[in-house]
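What Swiss-Prot says about this protein:
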- Asp10, Val11, His12, His36, Ser37, Asp58, Ile59, Gly60, Phe63, Ser64, Asp65, Thr66, Asp67, Arg144: 4-CDP-2-C-methyl-D-erythritol 2-phosphate binding site (BINDING)
- Asp10, His12, His44: divalent metal cation binding site (BINDING)
- His36: site 'Transition state stabilizer' (SITE)
- Thr135: site 'Transition state stabilizer' (SITE)
Amino acid sequence: MDFRIGQGYDVHQLVEGRPLIIGGVTIPYERGLLGHSDADVLLHAITDALFGAAALGDIGRHFSDTDAAFKGADSRVLLRECVARINAAGFTIQNVDSTVIAQAPKLAPHIDGMRANIAADLGLPLDRVNVKAKTNEKLGYLGRGEGIEAQAAALLVKQGG
């Protein structure tokens with residue numbers, strides 16, 4: 001079997017006047033993430049991991065932040081389009097593991113919703129999708145609450161490989 005592993009990363013600045021959307025879940029908080037789309041840092045990291053595993057570049061290659069078509073885009077729609085593109089290239093997703101690093105707000109109450117959204121968008125059973133939440137122990141820009149970061153790993157199998 002032809003296994004492929006991809007790694008994804010994203011970070012966005014926290015600002016006032018934007019909703020905070022992570023893993024497709026709108027989280028009550030006084031600030032949200034700045035970005036061209038909805039700035040869903042977790043879904044962007046997962047999308048990058050998937051494109052990377054399939055050697056199809058990255059999220060910016062497919063959904064440019066300079067393209068007006070993606071202004072305010074729902075990252076769940078972008079993730080589903082990513083899945084369609086990697087499936088068309090002959091890959092199937094085996095699992096995704098991810099980590100969100102945020103000093104605040106507390107993300108644990110929202111993890112189940114994030115996992116459910118991601119599993120649905122990837123067409124995977126829930127037990128093949130993991131989301132972890134960590135703080136940065138008050139260190140650096142993440143620890144000061146200036147932004148939120150996400151990392152992801154994905155395993156794909158090339159069909160017929």
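Positions of Cβ are set from backbone N, Cα and C atoms, glycine also.
Feature map: Swiss-Prot annotations on the structure.
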{"residue": "Asp10", "record": "4-CDP-2-C-methyl-D-erythritol 2-phosphate binding site", "Cβ contacts under 8 Å, 6 or more apart": "Val41, Leu42, His44, Ala45, Asp48, Ile59, Glu149, Ala150"}
{"residue": "His12", "record": "4-CDP-2-C-methyl-D-erythritol 2-phosphate binding site", "Cβ contacts under 8 Å, 6 or more apart": "Leu33, Leu34, Gly35, Ala39, Val41, Gly147, Ile148"}
{"residue": "His36", "record": "site 'Transition state stabilizer'", "Cβ contacts under 8 Å, 6 or more apart": "Asp65, Thr66, Phe70, Lys71, Gly72, Ala73"}
{"residue": "Ser37", "record": "4-CDP-2-C-methyl-D-erythritol 2-phosphate binding site", "Cβ contacts under 8 Å, 6 or more apart": "Phe63, Asp65, Phe70, Lys71, Gly72, Ala73, Asp74, Ser75, Leu78"}
{"residue": "Asp67", "record": "4-CDP-2-C-methyl-D-erythritol 2-phosphate binding site", "Cβ contacts under 8 Å, 6 or more apart": "none"}
{"residue": "Thr135", "record": "site 'Transition state stabilizer'", "Cβ contacts under 8 Å, 6 or more apart": "Ile101, Ala102, Gln103, Leu142, Gly143"}
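Fewest other C-beta atoms within 10 Å: among the binding-site residues His44, Phe63, Asp65, that description fits Asp65.
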